[in-house]
Amino acid sequence: MVSFKSLLVAVSALTGALARPFDFLDERDDGNATSVLEARQVTGNSEGYHNGYFYSWWSDGGGYAQYRMGEGSHYQVDWRNTGNFVGGKGWNPGTGRTINYGGSFNPQGNGYLCVYGWTRGPLVEYYVIESYGSYNPGSQAQHRGTVYTDGDTYDLYMSTRYQQPSIDGVQTFNQYWSIRRNKRTSGSVNMQNHFNAWRSAGMNLGNHYYQILATEGYQSSGSSSIYVQTS
């Protein structure tokens, strides 16, 4: 469920140099919305750095989705009757780091709270799903085993996307999944343990691009408010 989209975002007009608890994602690649924003209807997809963290935001433009970046690693997403979006904060490149995170995640319908990243050579989109809404993405993927880590069992899956949007345009690529059996919205994720488990299951990664603690939604509504750190 990935789509990088032109996001439909409603932003209230702001005047003056007011300090804001959140920065709205604007159209500049650096993502630092420190200047006054004017009212706008459409914000383009973007990635860059904000308060020392890498961020990525993509939407297919359907429905309403609003992404706001707070202090440090904090971000917030609100969405209603959306198409497909995925966004969050983390690092570039991805590594086997241990990721600490917490916050709230309240999907009404289909949505994921996950560690999300990409590699090249091979081109792979990967997910470590910590919580999800009404749809378990493993239900239509190939089960490749399990791994016990960070206090629970994760089921491993692989699926293939044919001629779909990716970090390198429209491509065919594999998706790797680790799906936690008991959902949670805070904790630690040892990514090296997942990478090792995938490799043992024949699911090989390439050279890492970004790695974020992401919120993703598809044809749903909801909200999330998340912070992320590394140990």
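Including glycine, each Cβ sits where the backbone N, Cα and C put it.
Residues or ranges marked as signal peptide by Swiss-Prot: 1-19.
What Swiss-Prot lists as N-linked glycosylation site is Asn32, and the listing cites sequence analysis.
The domain 'GH11' annotation in Swiss-Prot covers 41-229.
Feature annotation from Swiss-Prot assigns active site, nucleophile to Glu125. Within 10 Å of the C-beta of Glu125 (active site, nucleophile) there are 23 other C-beta atoms, taking all protein chains into account.
The active site, proton donor feature in Swiss-Prot is assigned to Glu216; the stated evidence is sequence analysis. DSSP assigns Glu216 (active site, proton donor) to a strand in the three-state reduction.
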Just how many other Cβ atoms lie inside 10 Å of the Cβ on Glu216 (active site, proton donor)?
-> 28
C-alpha spacing of Glu125 (active site, nucleophile) relative to Glu216 (active site, proton donor), in angstrom = 13
Averaging the pLDDT values of the domain 'GH11' (41-229) gives 96
